[in-house]
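Here it is: the structure, laid out below.
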């Protein structure tokens, strides 16, 4: 029983290296070959619409039973009848849960039995090339034509209820399709980046080997030589000068005012005495009549007396109205009524028409008043 155990381990270790197209006849894989021979029957079942893609759990359980059947055939206990029974059990487990009529099931079993191939010569389990199997399911896409094992070949009964999740996890079933197997299981190694031609940014590697020399600087304390120092602006020319302010002596001497002379000759009349007390004020009457002369000869006519007071204004009564005569003799008599109320209320004849047609104006009072007014106005004007 140790040999089947060892072969089962080899299958588990090399499950990732199996190819889909490489199917070889090896010892203990007659059940896989039987399944390959039944490809036509499975395709016919798919065309009829009966088969469906199995679930991952069904396929995993089928591979577990397949591994057990292979181990039994190794021991020599397997026969044609047992192989047939194992094939029936595998197809029942690997097929989906869809129901099918019993007639089709019998036809699939009948076609599967004559398609069996004779067992291949046994090979030692320690051979360099691990056994390969193309009948793996669980990860293949349902639409790929090269994966017949992914779809059910014959209708089968529902999967057995007793399943071991631990054994399912142990058996590895990579996908059948070559594209999915290469992309998922065999990931290409990522090439390492070429770091020889990598350049740093902003030329930082140009001074990569530079070592700062700050630590090599020595600070030496030297005394300053001030012998050749020259002062600014010639201040050193009088460096030995000693101020003489300390030797000055302040001597107090009285001021001699005997020879002092006053300004502006004020001392020349210092002995002068004012003689204002001896002045006498005399009052004399001035004779303006004899000595004083008027300006512009105004005194020449000082004795003139205007003669305006001797003038007389004479008034003469004009009688030209009374003496006036009309140019034409119209034969009417002019009656003059005096404004003075008198006893005689009869109208008075102002004029009499002469034979020549002239009017006698001797007795007209209006003309007399007019003459008086004219003479009065002339008297006012001084004529």
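Here the Cβ of each residue, glycine as well, is placed from N, Cα and C on the backbone.
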If you look at how Swiss-Prot annotates this chain, which of 320-339, 340-359 comes out as region 'Disordered'?
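From Swiss-Prot, the annotated region 'Disordered' range turns out to be 340-359.
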What does DSSP say about residue 289 (ubiquitin cross-link): helix, strand or coil?
helix
In sequence order, which same-chain residues at least six apart have a C-beta under 8 angstroms from residue 201 (N6-acetyllysine)?
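Looking at Cβ-Cβ distances below 8 Å from residue 201 (N6-acetyllysine), excluding near sequence neighbours, one finds none.
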For the repeat 'Tau/MAP 2' (217-247), what are the DSSP-based totals of helix, strand and coil residues?
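So the repeat 'Tau/MAP 2' (217-247) is made up of 6 helix, 0 strand, 25 coil.
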Go ahead and report the DSSP secondary structure tallies for the repeat 'Tau/MAP 4' (279-310): helix first, then strand, then coil.
14 helix, 0 strand, 18 coil
